[in-house]
């Protein structure tokens, strides 16, 4: 619907050229197509108005609705929001600038911003007035109303271009002031840091000798302490090794004693089982031999 309404405000103004002498076409600024967000938003606003000028009589009833005014209001708000956002971005860079200069630039920029907003407001009001006149007609033909609207819009467009260019220039001054203020701030910081570095260098040169002596004394003490700790660690390590060796010997002795004890327990048992097994085999063999009949001889 927004696209349809956008097509609505640009055809009407083009159709207004029937009975009036066409005025030279004002070229669209290049920045409206590839500039700051607010410039792009302003370009969309006027593209919408130009689109309305291209509408034919068949869509006039669509133009009479309030949708066109609402669409223009949204485009106006988008443009002014983008201007405010860009201005706020520049204000962040104006911190190092003098307060009086900053206040003056801000005041001039607000005035230019207000003029541009008033221009867009007048375009919207002119379309609303045209809608009311079309409804009442007031003894005039539709072509006369369209021609008069086209003339007013061309004048408003020229004024808007002039005020937009003025706003661009003031924003550029605002930005240049921010850059200069930032550069002055950086220069002051650089000078201050240079002074501090020089003072630190002189102070370090004056105190370097005592510090070197203290560092050497601390290094000597630290080396002595490290030697002492290393000797203690070696003694402790040797002591631990001896203790581990004693533990190993005790474990081996206990293992041998346990093995001998197990052998003493199981050998008699195994010998007894072997003897019982041999007796059992002899008994089985004897029983088998007794139960086998003697072979008989045939006569």
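Heads up, the Cβ atoms here are built off N, Cα and C, so glycines get one too.
Swiss-Prot assigns the feature region 'LDL and other lipoprotein receptors binding' to one of the listed ranges (53-63, 152-162), namely 152-162.
Within the set 27-39, 40-52, 261-273, the record from Swiss-Prot flags 261-273 under the feature region 'Specificity for association with VLDL'.
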